[in-house]
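Below is one structure, written out as structure tokens; comments come after it.
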Protein chains: 2
Amino acid sequence: MRNWIPLIGQLQDYDLRQDMKSDLNAALIVAIMLIPQGMAYAMLAGLPPVMGLYASTVPIVIYALLGSSRQLAVGPVAMVSLLVYTGVSGIAEPGSEEYIAYVLLLALMVGVIQLLLGLLRLGAVTKYISHAVISGFTSAAAIIIAFSQMDSLLGTDLGESKNVFIIMIEAVQNIGNIQAETFFIGLASIVVLFLMKKYTPKIPGPLTVVVLSIAAVQLFNLEQTGVEVVGEIPGGLPGLTIPAMSADAVLTLLPIAVTISLIGFVESYAMAKVIATRERYAVHPDQELRALGAANIGTGFFSGFPVTGGFSRSAVNYDSGAKTGLAGMMTAVFVILTLLFFTSWFYYLPQAVLAAIIIVAVYGLIDVKEPKHLWQVKRADAVTLAVTFIATLAVGIEAGIITGVGFSLAVFLYRSGKPHMAELGYLESEGVYRNIKRFPQAKTDDDKLIIRIDAPIYFANMAYIEEQLRHYMLEHPRLTHVIFDFSSVNDIDAVAVDELEKWLDHHGSRGIRFYFVTVHGPVRDIFKRAGWDEKFAGSLYYRDLNEAHKAASSDS
Amino acid sequence: MRNWIPLIGQLQDYDLRQDMKSDLNAALIVAIMLIPQGMAYAMLAGLPPVMGLYASTVPIVIYALLGSSRQLAVGPVAMVSLLVYTGVSGIAEPGSEEYIAYVLLLALMVGVIQLLLGLLRLGAVTKYISHAVISGFTSAAAIIIAFSQMDSLLGTDLGESKNVFIIMIEAVQNIGNIQAETFFIGLASIVVLFLMKKYTPKIPGPLTVVVLSIAAVQLFNLEQTGVEVVGEIPGGLPGLTIPAMSADAVLTLLPIAVTISLIGFVESYAMAKVIATRERYAVHPDQELRALGAANIGTGFFSGFPVTGGFSRSAVNYDSGAKTGLAGMMTAVFVILTLLFFTSWFYYLPQAVLAAIIIVAVYGLIDVKEPKHLWQVKRADAVTLAVTFIATLAVGIEAGIITGVGFSLAVFLYRSGKPHMAELGYLESEGVYRNIKRFPQAKTDDDKLIIRIDAPIYFANMAYIEEQLRHYMLEHPRLTHVIFDFSSVNDIDAVAVDELEKWLDHHGSRGIRFYFVTVHGPVRDIFKRAGWDEKFAGSLYYRDLNEAHKAASSDS
């Protein structure tokens, strides 16, 4: 029971006065942040604002019960909302009933995929998404999201495209159509949000601009001058909806559902891990997948849209003192109270303010330090980040992540295909064997070659290794002994063993003798199964280079 | 000049009596084998038999000039012919003028792709096609090719499908329609070919069955009873043809052109390498690509179809004493003489005999030893072979190779994502540190943990390594010192360095001290660029485990 509902474990030593107070305080602050954000992200996803509130009720309660993180704040987030828009706007008109039906189905699919991955304990597949890919992808997505708010901010129609460059061109062409009051409200909100974030981080900026802008619109009758407002928000709780399923729709939505499942999980799990490490408790990837999956199934049945654990909201939840999942539960209660009693208050909220909230929220996701750092430490990783960033901006959000993952794995495969090799020499001062390129004073013999191969040997790098060996042997015309330092050969496959055997047979027949030093267990096993223990008895398994060198010297 | 036209180098010490005689003998034997095979493979590719002869003229001459192998016999081969059929039969009726036009364009495209790969020195990309994949793919393709000859062999129409299972069903359903004389001739040819291959390997089997069957058809007037014969073969040399190019056609043919380019090259290069190793000269992958590319461009302009170096024909060429590319040139001359004077001789050649020649030729490609051997040495490789084999048989020839390559790389990535790790203990008898699982008598300390990581560390395995470290640390509750044996960490990326640094910071703040032993050059460089040399000064770069253990003992 406690394995499946971690909340029970979290409440084991719950202090009803102290901890409850902390959780309640965090829940209130998160709710104040979540209500305008939820509406804004619903808008970003092409949905009516109220669905952002619906998505902040049932899923939060489900995650609070099932999640292994105590502080993760689940709900609508910018990246997933954008993915929903890009995935569904191609097959239905945003905001239409058909569009909403597809989004509900999509949420259900995301939930089922995450739940299945969690039940099958496949959370580890996400390890193949490099942090460099996530960083490049997130920065690009943040820019795309910010630009997608341009029309709400300018109060003018800029077409349907989410491509940054097209939006820029459209914005310049429509510079005469800018609605001045809207633009002013939006710009002022952005400035206020940035300033408050910097100078008064304790006061919730989104709530402030929401309250001020509603007051301003009412006071100056700005709605009459053309400022678009949120308008009527239906009060009351979300009803139970059954997503319409058709094989066709499921197939069409599958790629975007898989993308949202993985990206949503990766973003969420990364944040959960950061907090868990600081608080010294464990989060489990598969339990997290199950919890997020259940939450998304919940959002699909209760008029919401796909949710995940958000970066900034979780940070606020944690900083505000949340101790357990109860904080999440209470957040949901505050949202439900809003739905029951306060939706009419948001009638005059300008859409430009929601756009401003989104822009400021995603601005923090643009990471310029990481590419610099990666460039300094290892350029290939920085290039991976750049490729992902450019592909995401230029082609789109799904293509970007696929390109990034493909590229990062290709880099690894490319590197593993051209492994580092070194000729070793004896360094008398230290009594060890070292790479003669780094230690030119190391002593070598004319008739002996000591080679260290720094790689798992497999089908794709065996040809390269043979080629390098050929070069080394050309440099040693008087060669009679080859000593292989296998201390960094951590694996070998059958294809490579066969090739190596052919190579040994060929050179062995020309009178060259071989010595294998520090062969690790997994490689020993393969040698044994390939019959080398008999065939090459006496050549394998030297304990160290000194021993092999001595053996080679007495063999000559 | 000699770099681009290796034939010049080959003729440097050419003995006009001895070597010329050898080359001439080999050329004659290969031509006798090639003429019926060429016609058979053209039929397999859905083309008129004469195109098999055309493909055995110009391309052979071009390869003889440019190729770096002295004995490789280039020309039509079964696998490539089947790929041509599967690729083009979907868009045009086999044998039609439109079909031929597409095939010429395809040959040109294959040539251009290979030439470009060669000029860009990208021959190494084929190293990512594992020998296990090639073996599984070849066996399956051989079976598909053999079954594709079923209709010619039975003298009945079995539909268009090349799927083995569909052909089997069709054959059973059409058992009443078998043309008895055709089936007898085909079966007899197969038996004769097998027996001659075994008992009289010096006498060319294909020529024998061709001569005998032509005589039989004429003698017994079998054409009248319904035995399908090759019929009129136009005499004379191929004219210059300009392949019709359209962007649409190029795009449609691109996937099959890429497949043929790579598969053709891999098959050819593997054979060239085998012979070159025995004869102790070098073949260069990029030169081979350029030579095959030029040959395919030639076949596209002279009414042929895609060619490559064939396994069995090259073996015959080598065994018959071919010394240089001149043997290939002379083969082409024999084919040209046939085209000029002898095509009418083949009028009565039964198609069932060509089918028999194909079946016996591809039978030798089915490899049952390799899967057994791989299963014994490393099961993952045997599974790769099986997956490729099954995918090729069940889905098709292109899907098979793509599945195989994808699977073999996924296996490598999967293994690299769960690297081998070992806790080491001191083995007093030998004075070395060894894996305590393999050497349970090795001595360990309660407060010290010595860990060897057997892998390049990168983004995809860092989480697993952390997880394992967590387990090791739970097993050592009194731990104060962790010694990392980095002798088999042959590479590390920036993402993993960052994660490792966080881990060290976290555990360092809890009073645990770290020691890194035998860090190799490439990893040292990364540590340095990440600023570790200052931050972790004194913890890195211990020379060996003894030194680190001594340091740890004096630190406690």
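Glycine is no exception: its Cβ is also placed from the backbone N, Cα and C atoms.
Features as listed in TrEMBL:
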- B:438-552: domain 'STAS' (DOMAIN)
- B:24-44: transmembrane segment (TRANSMEM)
- B:50-66: transmembrane segment (TRANSMEM)
- B:73-93: transmembrane segment (TRANSMEM)
- B:99-120: transmembrane segment (TRANSMEM)
- B:132-150: transmembrane segment (TRANSMEM)
- B:178-196: transmembrane segment (TRANSMEM)
- B:203-220: transmembrane segment (TRANSMEM)
- B:249-270: transmembrane segment (TRANSMEM)
- B:291-312: transmembrane segment (TRANSMEM)
- B:324-342: transmembrane segment (TRANSMEM)
- B:347-366: transmembrane segment (TRANSMEM)
- B:386-414: transmembrane segment (TRANSMEM)
When counting Cβ pairs under 8 Å to the transmembrane segment (B:203-220), the leader among B:24-44, B:50-66, B:73-93, B:132-150: B:24-44
Range from B:50-66, B:99-120, B:132-150, B:291-312, B:386-414 with the greatest count of C-beta pairs under 8 A to the transmembrane segment (B:24-44): B:50-66
Helix, strand and coil totals (DSSP H, G, I; E, B; other) for the domain 'STAS' (B:438-552): 53 helix, 21 strand, 41 coil
Closest-packing stretch to the transmembrane segment (B:249-270), where packing means Cβ pairs under 8 Å, from B:50-66, B:73-93, B:324-342: B:73-93
Chain residues outside the transmembrane segment (B:99-120) and at least six past its termini with a C-beta under 8 angstroms from it: 45-48, 51, 84, 87-89, 91-93, 241, 243-245, 249-250, 253-254, 256-258, 260-261, 264-265, 286-301, 303-307
Any contact, the transmembrane segment (B:386-414) to the transmembrane segment (B:132-150), with at least 3 Cβ pairs under 8 A: yes
Paired segments the transmembrane segment (B:132-150) and the transmembrane segment (B:324-342) in contact, 3+ CB pairs under 8 A: no
Sequence-remote partners of the transmembrane segment (B:73-93) [C-beta within less than 8 Å, at least six residues beyond its ends]: 30, 34, 37-38, 41-42, 44-47, 52, 55-56, 59-60, 63, 67, 99, 101-103, 106, 138, 141-142, 144-145, 148, 160, 162, 252-253, 255-257, 259-260, 263-264, 267-268, 292, 295, 304-311, 313-314, 316-317, 328, 331, 358, 361-362, 365, 396-398
Integer mean pLDDT for the domain 'STAS' (B:438-552): 85
Long-range environment of the transmembrane segment (B:324-342) - Cβ separation under 8 angstroms, sequence gap at least 6: 6-7, 10-11, 14, 19-20, 22-24, 26-28, 30-31, 34-35, 38, 50, 53-54, 56-58, 60-61, 63-65, 67, 70-74, 235-238, 317
Contacting positions for the transmembrane segment (B:291-312) when only residues 6+ beyond its ends and CB under 8 Å are counted: 42, 45, 47, 51-52, 54-63, 65-69, 72-77, 80-81, 83-84, 103-118, 238-243, 260, 264-265, 267-269, 271-272, 361, 364-365
